[in-house]
Amino acid sequence: MQMIAEIYYERGTIVVKGDAHVPHAKFDSRSGTYRALAFRYRDIIEYFESNGIEFVDNAADPIPTPYFDAEISLRDYQEKALERWLVDKRGCIVLPTGSGKTHVAMAAINELSTPTLIVVPTLALAEQWKERLGIFGEEYVGEFSGRIKELKPLTVSTYDSAYVNAEKLGNRFMLLIFDEVHHLPAESYVQIAQMSIAPFRLGLTATFEREDGRHEILKEVVGGKVFELFPDSLAGKHLAKYTIKRIFVPLAEDERVEYEKREKVYKQFLRARGITLRRAEDFNKIVMASGYDERAYEALRAWEEARRIAFNSKNKIRKLREILERHRKDKIIIFTRHNELVYRISKVFLIPAITHRTSREEREEILEGFRTGRFRAIVSSQVLDEGIDVPDANVGVIMSGSGSAREYIQRLGRILRPSKGKKEAVLYELISRGTGEVNTARRRKNAAKGAA
């Protein structure tokens, strides 16, 4: 007679006692048990049920959760996204910034009424989620972070806190929602998903793919893409119509001389070492070598200085002045890659600046001033690229940035949020002519095509 299998949760893993075969598990001869990472919980349960294997489930310890019946109305594409996800209750929804990914997730919570852990990149995003989740009842909303540790039916945590406490959280929630899910494949963060038994999983992002290819891991620990829309699909109806204007700006003569000097050092190093840059990994080898190879270090410094010159050119500042004059009645967000240019623009044009150094209180005050019209422009490094709700804006200016699709789409999304009476949005890209920034802009352009 077959012994009834017993399932336990132990420190991010599932332990099964009994003589039944357990898929995805390894047998531990010392304890006579099978052990698997906790995310295999659903697979193991389904295997036992489909094969008529009796079992006792002592793994789950879910937080008691009420039945939710909030009024949540969805747009047509949000309904389709939710329907696709509900088929298996696993997978990632890819929607443009400003199109209501959070709204879809809240509808999923409403459908399942099960203890839910929402994982977000920043505390600022945690605050936004807690506010939105209030429609289910503030008494059911908690935060588990470095500053607060409360487990409620709907708990919001940062990736950092969820990773550090993955073992503790692993059997308390049945639904995991990963906001900005492209962060999850990092070697540390992926353990949040691997060490949880949650049978239901939802990933949200505007850009699913990662340049390092690690997004493939999401298919196993969260689920693949179940629904995807790009900005052009929603422009004019659910998002503002937009145009992209690329302006090529020459370097000043003194900048040109310095740029070419730095570029020469870098290219001579590549030729001397026979290095051809085809992928990000090729450049990363130079970065690694710079720790012990003086020539590699000098080449990397020359490359960084050349980029700084291209990103921060004087003529870009002059062109920005023209754009600010042209759009003096519009709301403008200026994006840069580095804080140095943020503070320079803030000082020259008396525009409020938001960087990682800006306190939460000051950031909220600036964004409120932007919302009410007290400020018509703000300038930021990468802080506003992701997650933070930015008030209505219809003009964006990219002073400098990377060539990644994610950064581009997120910056574009900042000016596409629909609002009453909003006219066509404009995104300017200022590019230093004859520099490596041209190639960076080309990659952004390709990203734009992919978003069409």
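Here the Cβ of each residue, glycine as well, is placed from N, Cα and C on the backbone.
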Select from 51-54, 179-182, 311-314 the stretch of residues annotated by Swiss-Prot as motif 'DEAH box'. 179-182
64-71, 128-135, 144-151, 232-239 - the range that Swiss-Prot marks as region 'Flexible hinge region': 232-239
Could you state the whole-number distance in Å separating the C-alpha atoms of S99 (ATP binding site) and F283 (site 'Wedge residue')? 35
Densest Cβ environment (other Cβ within 10 Å) across the binding-site residues P96, G98, G100 belongs to P96
DSSP says what for the region 'DRD domain' (1-60): how many helix, strand, coil residues? 13 helix, 23 strand, 24 coil
Within 8 Å of the Cβ centroid of L95, P96, T97, G98, S99, G100, K101, T102, the other same-chain residues by Cβ around the recorded ATP site are A206, G413
What is the separation, in Å, between the Cα atoms of F283 (site 'Wedge residue') and K101 (ATP binding site)? 34
